[in-house]
Amino acid sequence: QNEEKWDFVLVSDIHEMGSEKEIKRKKFLDELSKKGFTIKKIEDTKLFYGVRAPPHIFRKYQCLLRNPDSRQQNSNAHQDVPVTTRIRIVHFILQNTVTPDFEKLRDLMKKKVFEAAFPLHEKEEVREFLKKKWARWSVILKPQPIEKIRCYFGEKVALYFAWLGWYTYLLVAAALAGVVTFVAGITVFSSSQVSKEICEANTTIMCPLCDQKCPFWVLSDTCTYAKITHMIDNEATVVFAMLMAIWATVFLELWKRERATVVTDWDLYGWDEEEEELAMELINNLQHEPRRYRHSYFRSTIVLLLVLLMIVVLIGIAHALVIYRVVAVALFSQSHLELLREHANTMAVMTGAVLHYVTIVIMTKVRSHTGCLAGLLQKPRTFSQQENNFTVKIFTFQFFTHFSSLIYIAFFLGRINGHPGHYVRIAGRWRLEECHPSGCITDLFIQMAIIMLLKQTISNIMEYLVPWITHKLRKKYKRPKRRSMMLGEEEEAEDPCKRQWLSNYELNEVNVFSLFNEFLEMVIQYSFTTIFVAAFPLAPLLALFNNVIEIHMDAIKMMRLHRRMVPRKANDIGIWLQVLEAIGILAVIGNGLVIAITSDFIPVQVYKYMYSPCTRENRTGMDCSTGYINNSLSVFRIQDFEPHTNAGERPGLAATGLCCRYRDYRNADDYTYTVQFWHIFAARLAFLILFEHVALCVKLIAAWYIPDVPQKVKNNFLWRKHSNLRKELRWVTPWKV
């Protein structure tokens, strides 16, 4: 006899006879029985109810949708629809069955009438294939069996892995370009004239970095920092930023083509989700009336205010990180440890980055509750609308969590701090940070490198270890003890379903947003890979290594550590495509701003063509950036310091005429901006406008040049329509004259 097949398993505690929970459970199971469901009960320390839907439900589904599901394998002799479709329909009916007390399964689970409801990982051929050829570390570099994934987990999960695989594949080109840019910075640009001048500036005395006991310092002390800066901040970075803007567009256009090919092979290109949901509503209840589309301006206003409140909170956290860095620089500068004192700025940046990562981890835990609250307020009509609303809000929340501190470093650090004698202070006490004379881009590089490395090591290890440990603990504590046998009592034969149901129950829980979390993680990573990539060319390489591991880590979690997800039908990745397109536009704006504002590229070019020795005399052998550092440093008279400033040692001040230098373009007499400052400001603005218009035009041309749908797919549809029309004509009787 074949092993019995069950569509779903419900788990409940053993309640007292006649108790409220027992009565509610019985009412729900009675409603299922009225619909023709077969229910099997297995009792242990928990009650397990196997649920199997009657065949007529699936015949109705096929009749209503005329769905060509026959193309999908994994159908058994007693089934006329694929297992994934059976599970999806049964899940929908279970969730929408109403008891005489007007309670659904969701309400009963909140009241602890039922503890869990899940489809089973069954010992079927597809599962064994996926465990052997996909959910193992030994097959890490082999292609994914997308069709088999679809047959076991449904189209939505299959499209996630198809998208992730495609993204990883195209990251190879971006990673290669990033490595070439980085290597070019180390080799070709490392010996730049600017860093050479900093290394030789042993007589240039710089103003103190803090107010109390911070010494004046010699510019050449930061020679190593300057060399690192110019490895990142050079002409190659500008080209790389432009290439990444084009890459983001090409990636999305090629994905649209890949997705069109895949869903056409699945016969889902023209699939209508709303029609499917209406069909399942009618199968569940013939008297069902569809929920109408509604829009509440009041609810939308409340949601908008909540989102704005969230953003304000996140900006507040970014301000807290800024305050930490300011205080840390002041404390590190006065430390007894020489290493900490000499590298106070760098240490503040690094510890600030670690603190930023900690806030990301904490806020990630908080965001799911706020997103659910905002989603409930809007009361969307369908699950897809609910998911889309949830996605937009949570992505906005996570984006500001991850990028608020980076935005400060990229665009505000060193630009709002004032100047010696008139510093901007926090609480009237702590000075805001300054940029190094060679620029702020290294701070952004360090921040991005630390956050990406921590996310891809600690977060990924925890993402795998927590479900693994939880599974082991559930297995240990939730496996029911065998009942002790009485003397002379014969042991009952164990039901073959019991072991299978128990082993599935011991796995980690999944919910409707489990896949959402995987998508969110990858889309945030995509943001890091594109938006500020000009400051961190190695981001695509780190993303590539992470994704190769991520694909198989997700596979192992889904196949071995988590309960089976309820398969969902889909023909695209949903609103994530619009999110990715928005990130592509932000990438153009972000990289343009990084080069125009954060980088020293524009000031150096303005100096070369307007203020360098090359403009005054024709010296073919001279580097036109000669003298840039001296030109970019303003002079400050020490007697103009604020009264409470207590500087430390003052080496060589007598030789400088009691003056120190600081990074800015200000007049030496009244500290107002020089004409050169406004020339640089105009050049930054002009470059930003030019870069963004050129990049956006190239993006539009790339989007036009690469069709969203391959011609092969269009021709297949054309042929199919033609064939269907010819078949229809055969039934038409010619008019008799």
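Glycine is no exception: its Cβ is also placed from the backbone N, Cα and C atoms.
Annotation source TrEMBL lists domain 'Anoctamin dimerisation' at 82-146.
Sequence annotations record features per position, and here TrEMBL assigns domain 'Anoctamin transmembrane' to 149-716.
Feature annotation from TrEMBL assigns transmembrane segment to 157-186 (among others). A Cβ distance under 8 Å defines the sequence-distant neighbours of the transmembrane segment (157-186), meaning residues of its chain 6+ beyond its ends; these are 143-144, 146-147, 149-150, 230-232, 234, 236-237, 239-240, 243-244, 247, 250-251, 254-255, 258-259, 262-263, 515, 518-519, 522, 526, 529, 533, 537-541, 543-544, 547-548, 550-551, 554-555, 558, 565, 567-568, 570, 572-573.
The annotation transmembrane segment is assigned in TrEMBL to 236-255 (among others). Within its own chain, the transmembrane segment (236-255) has Cβ neighbours under 8 Å at 163, 166-167, 170, 173-174, 177-178, 180-181, 184-185, 188-189, 530, 533-534, 537, 540, 577, 580-581, 583-584, 587-588, 591-592, 594-595, 599, 601, 691, 694-695, 698-699, 702-703, 706, 708, counting only residues six or more beyond its boundaries.
Per TrEMBL, the feature transmembrane segment maps to 301-324 (among others).
Among the features that TrEMBL reports, transmembrane segment is placed at 344-363 (among others).
For 390-413 (among others), the entry in TrEMBL reads transmembrane segment.
If you look up TrEMBL, you'll see 523-549 (among others) marked as transmembrane segment. For the transmembrane segment (523-549), the list of distant contacts is 140-141, 164, 167-168, 171-172, 174-175, 177-179, 181-182, 185, 232, 237-238, 240-241, 244-245, 247-248, 395, 398-399, 402-403, 406, 410, 441, 444-445, 448-449, 451-453, 455-456, 460, 576, 579-580, 583-584, 586-587, 590-591, 594-595, 598-599: same-chain residues at least six beyond its ends, Cβ to Cβ under 8 Å.
The transmembrane segment annotation in TrEMBL covers 570-597 (among others). Residues 154-156, 159-160, 163, 237-238, 241-242, 244-245, 248-249, 252, 256, 259, 263, 266, 268-269, 271, 273, 384, 387-388, 391-392, 395, 410-411, 415, 441, 444, 519, 523, 526-527, 530-535, 684-685, 687-688, 691-692, 695-696, 699 of the same chain, all 6+ positions outside the transmembrane segment (570-597), place their C-beta atoms under 8 angstroms from a C-beta of that stretch.
Per TrEMBL, transmembrane segment is recorded for 681-706 (among others). Within its own chain, the transmembrane segment (681-706) has Cβ neighbours under 8 Å at 241-242, 245-246, 248-250, 253-254, 257, 584-585, 588-589, 591-593, 595-597, 602, 605-606, counting only residues six or more beyond its boundaries.
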Contact set, same chain, for the transmembrane segment (390-413): CB under 8 Å, 6 or more residues outside the stretch
303, 307, 310-311, 314-315, 317-318, 321-322, 352, 356, 359-360, 363-364, 367-368, 370-372, 374-375, 433, 435, 440, 443-444, 447-448, 451, 513, 516, 520, 523-524, 527-528, 531-532, 535, 574-576, 579, 590, 593-594, 597-598
Using DSSP, what is the helix/strand/coil residue split across the domain 'Anoctamin dimerisation' (82-146)?
33 helix, 3 strand, 29 coil
If one takes Cβ-Cβ under 8 Å and requires six or more residues beyond its ends, the residues near the transmembrane segment (344-363) are 209, 225, 314, 317, 321, 324-325, 328-329, 332-333, 335, 397-398, 401-402, 405, 433, 436, 443, 446-447, 450-451, 454-455, 459
